[in-house]
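A.B. asks: First the structure, which I've put down as structure tokens, then a few questions once you've had a look.
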Amino acid sequence: MSTASLRKRTGSLTILGASALTSLLLAMPAFAGEVYLDGLATAQTHQKFIVTYKDGSTALASPSALTTSLRTAARAVPAKAGKALGLNSVRRLALGPELVRADRALDRAEAETLMRQLAADPNVQSVEVDQILHATLTPNDTRLSEQWAFGTTNAGLNIRPAWDKATGSGTVVAVIDTGITSHADLNANILAGYDFISDATTARDGNGRDSNAADEGDWYAANECGAGIPAASSSWHGTHVAGTVAAVTNNTTGVAGTAYGAKVVPVRVLGKCGGSLSDIADAIVWASGGTVSGIPANANPAEVINMSLGGGGSCSTTMQNAINGAVSRGTTVVVAAGNDASNVSGSLPANCANVIAVAATTSAGAKASYSNFGTGIDVSAPGSSILSTLNSGTTTPGSASYASYNGTSMASPHVAGVVALVQSVAPTALTPAAVETLLKNTARALPGACSGGCGAGIVNADAAVTAAINGGSGGGGGGGNTLTNGTPVTGLGAATGAELNYTITVPAGSGTLTVTTSGGSGDADLYVRAGSAPTDSAYTCRPYRSGNAETCTITAPSGTYYVRLKAYSTFSGVTLRASY
């Protein structure tokens, strides 16, 4: 083995000269208390803080000294609407720290300013957020154990920790499909929809378009839908897809839904022998809050549209215009890649622009044999042996049931559900483009084989939700995403050779910039550079260690720094933090 092929095994790299060390020591007061900023990432605003004063400090013995300490710190936060911030003691905790409360909610920047000012008091030992903790959720649905996509293997969605942070509450997912049947494990999450099938024969309800999105059944006899096409029973496809998105969860019954706090608007476009492009285009417009002549407005415009449907050919002008309109109204459009085991470039509407095209994976984390593939795939998701809500009828609706289906039709609603989770916790609604970037940047590499192209990887629900809560896009993104001082970006991952890029601007007088990576699996290499993006050969700091525990420390760092994580080997679950 040549020396060039050996990886360096070094400690963290510190860019520090002797004179710089002297000035650093002078700039960092020995009495400064510890500031725990991790809690800032748990919510968008904060109002209560825990301040630990040193033994023997006057603030512990004198209420007036405590009041003075709090008022001094509060003055560091700019006034709002002409009113200075108030900060008062609530009570002393059993272990001695003081619980204090601001008289208004503080955003993260304000909270950090306050915490640092509190810690500057020589009497203070530490400051932390009085953050809100939650019970961890394992739903009690009786068939959850059969839903491998919601399990704990690295082939699944990594959704259980995401459910502790988000349920999709307040979001709407439009399922453009065969309509829906009544199901006790689904009904509570269904809003009023619409039947857009204009042909009475296809619709089977005898009256064309109407406000009843019920699935009448899509069965057909041999040769009825074309010469040589065998007979088929009703699929209840829309009911299955809707259950994957938002089945009622934690109800001691049946299955769980990806975004079980979300609501579903069923939009019927597929009936006997399929559905027309013209009907589907109108349905996209309506579902996203657009106007369709002669049709009442949608009272619940969707943040997300799921289309588990498709056909051959290039993306038509009609379909593309409908999708573009939906995206312009802020609706993310998620589409099944198709089940032809061929390049997605030949599958409409997955080959349209402005959609998230989803390939299907197996429980082993490999591309499903039937799934379409190619450079047009954006992400992958579980699609094989997916258990969801169904109906027992072979033609017309019978009783509610459950069944497992295979297909990219099953993968797509998993992604639509994750989008609902993301939008439900984002500080402000993300644009469809930002949603796509976030999903790609937080995706996990397939643990199994994929030939032909499976996009950025398997959607990682927890990483996506965490990135949304933190107001970021999870990494990557060409020009880089902005890091917040002291706030970790978690759940990062990339395939071998890929990279994630960030920036952070450090104000003058900050003393030291420390950038760290930690946790997870695989091997991510950290690069930091002042003023421009680092490369393999140009950087200010590159620890170049095996694994993910790397640190760059830079003194007198005012200015913009570019941070790069490059996958020496596929990594996932990595945390990145920059602080000054």
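Cβ from N, Cα, C; glycine included.
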A.B. asks: Could you tell me which of Cys225, Cys352 is bonded to Cys273 by a disulfide, according to Swiss-Prot?
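C.D. replies: Checking Swiss-Prot, the candidate bonded to Cys273 through a disulfide is Cys225.
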A.B. asks: If you count other CB atoms within 10 A of each CB, which of Cys225, Cys273, Cys315, Cys454 wins among these disulfide-bonded residues?
C.D. replies: Cys454
A.B. asks: Of Asp177, Cys352, Cys454, which is closest to Cys273 (disulfide bond) if I measure between C-alpha atoms? They're all recorded positions.
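C.D. replies: The smallest Cα gap between Cys273 (disulfide bond) and any of the recorded positions is with Asp177.
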A.B. asks: Looking only at C-alpha atoms, tell me how far Cys450 (disulfide bond) is from Ser409 (active site, charge relay system), rounded to the nearest Å.
C.D. replies: 19
A.B. asks: Per DSSP, Ser409 (active site, charge relay system) is which: helix, strand or coil?
C.D. replies: helix
A.B. asks: By CA distance, which of the recorded positions (Cys225, Cys315, Cys352, Ser409) lies nearest to Asp177 (active site, charge relay system)?
C.D. replies: Ser409
A.B. asks: I'm trying to understand the geometry here, so how far is the Cα atom of Cys225 (disulfide bond) from the Cα atom of Cys352 (disulfide bond), in Å to the nearest whole number?
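C.D. replies: Between the Cα atoms of Cys225 (disulfide bond) and Cys352 (disulfide bond), the distance comes to 26 Å.
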A.B. asks: Near His237 (active site, charge relay system), which residues of its chain come within a Cβ-Cβ distance under 8 Å, counting only those 6 or more away in sequence?
C.D. replies: Asp177, Thr178, Asp218, Leu270, Ser308, Ser409
